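Structure, as structure tokens:
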Amino acid sequence: MRRVSVLGATGSIGQNTLDLIARAPEAYQVVALTGGRNVAQLAEDAMKFRAELAVVADPALLPDLRDRLAGSGIAAAAGAEALEEAALRPADWVMSAIVGAAGLAPGLRALEQGATLALANKESMVCAGPLVLATAAAHGGRVLPVDSEHSAVFQALIGEDIACVERVILTASGGAFRDWPAEDLAHATPEQAATHPNWAMGQRITIDSASMFNKALEVIETKEFFDLRPDQIDVVVHPESLIHALVGFCDGALMAHMGAPDMRHAIGFALNHPGRAPLPVERLDLAKLAQLTFRPACETRWPALRLAREVMAAGGLAGAVFNAAKERALDAFIARQIGFLQMAEVVEQVLDRATGEPGLLQAGITLDNVRQADHFARRSADEIMTPT
Ligand code: NAD
Ligand code: MG
């Protein structure tokens, strides 16, 4: 039996992970499950999977979690430290599916205890890619990408020499507004942005798909994960979301990874790695699909893509600043404090401030320095967004 933990179990990726685990209950011992605020779902799953420990992020919800788990023998805990302790519990495989920079520290803890980390939390690579990979190397752990594009690249690279890779092309669906006239974007609402044409995902990543901040994060994640130069990474809009990424080699060959837009594919690949096992995902009927289409990913329409290039050129802690500024701008957009197009403006201004702050971006990539850069970015974003 493999010991597995799911961080962010109550979310979209977490629930898809539990769906796969539930299909082969004899193969897994569930160690820890964590959730942000959805105590009912967390308690239900902890009992269904006979977890050893359930942790809720919000300490105010601990009494509720304890009540629900009373008599079950499942330990209950709450708060940021408890999340890290959950990740430290010995396990063979840990799913990192907390959303946002909050997922970084628990993921590092899982690597410190030598687990294989299935990384859906792209923010970890954006904020602290070198630290994540060094932690894995130091403790004999492994990081497996779960973002569909990165799982696709990883699969296309099996058996290949990374030195022969010329370029990686990430596909983007274009999100909710891909067919909207540019002049309408200023008035887009959070509800409109949170409807994805192809994928069923959490609210935040769905809005990030509409603004292309998700793809911007993924470009940086690609650079960190596969140690590529920024100029080797391209983005193309592919509205069907059937090709997830392509790898171009020095002989001109282009390897594309295709599949139905179902995250259980990438999650299942990481769960079964280094082997493959049948997965309950739709099989594509190419003749029925008839065609695949592609469009350029315009950096004027989607300034987040241009900002990602600037972040990669700056290096250091620019990724941590970029991500934190984006998280605050997204909070403000969801709360209707700023408009859809202002998100990129706020992030750009925060990056400018961070560049002018002596030593901030150049500090070493440690957890403490990432946290400092993160706080600076959130504080700056709040100042910029405060009406004067
Ligand atoms: P989600 O919002 O559905 O779930 C997030 C999970 O994190 C939930 O369990 C939530 O309770 C928990 N959480 C939220 N804030 C927290 C905090 N401060 N501390 C601890 N836990 C907290 O998000 P999701 O769509 O499942 O995405 C999870 C991660 O996977 C994100 O990093 C996202 O970018 C990435 N990802 C998601 C998809 C997808 O299809 N949903 C695809 C690729 C990558
Ligand atoms: Mg993705």
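Our numbering is plain: 1 for the first residue shown, then up by one each step along the chain.
Even glycines carry a Cβ here, placed using N, Cα and C.
Fair warning: this is a prediction, and the values are worked out from it, not measured in the lab.
What TrEMBL records for the 1-deoxy-D-xylulose 5-phosphate site is Lys122, Ser148, Glu149, Ser173, Ser209, Asn214, Lys215, Glu218, and among His187, His196 the residue it adds there is His196.
Binding of NADPH is attributed by TrEMBL to Thr10, Gly11, Ser12, Ile13, Gly36, Arg37, Asn38, Asn121, Glu123, and within the candidate set Gly175, Gly202, Gly248, Gly252 the record adds Gly202 to that site. Among the binding-site residues listed (Thr10, Ser12, Lys122, Asp147, Asn214), Thr10, Ser12, Lys122, Asp147 have a CB atom closer than 6 Å to some atom of ligand 1, in sequence order. In sequence order, Lys122, Asp147, Glu149, His150, Leu170 are the residues near Glu218 (1-deoxy-D-xylulose 5-phosphate binding site), counting only same-chain partners six or more apart with C-beta under 8 A.
Averaged over the domain '1-deoxy-D-xylulose 5-phosphate reductoisomerase N-terminal' (4-129), the predicted model has a pLDDT of 98.
Around Gly36 (NADPH binding site), the same-chain residues six or more apart in sequence whose CB sits under 8 Å from its CB are Gly8, Thr10, Gly11, Val56, Ala57, Asp58, Ile98, listed in sequence order. His196 (1-deoxy-D-xylulose 5-phosphate binding site) sits 20 Å from Glu123 (NADPH binding site), taking the Cα positions as reference. Taking the Cβ of Asn38 (NADPH binding site) as reference, residues of its chain lying under 8 Å away and at least six apart in sequence are, in sequence order, Thr10. Put simply, Glu123 (NADPH binding site) is 10 Å from Asn214 (1-deoxy-D-xylulose 5-phosphate binding site) when counted between their Cα atoms.
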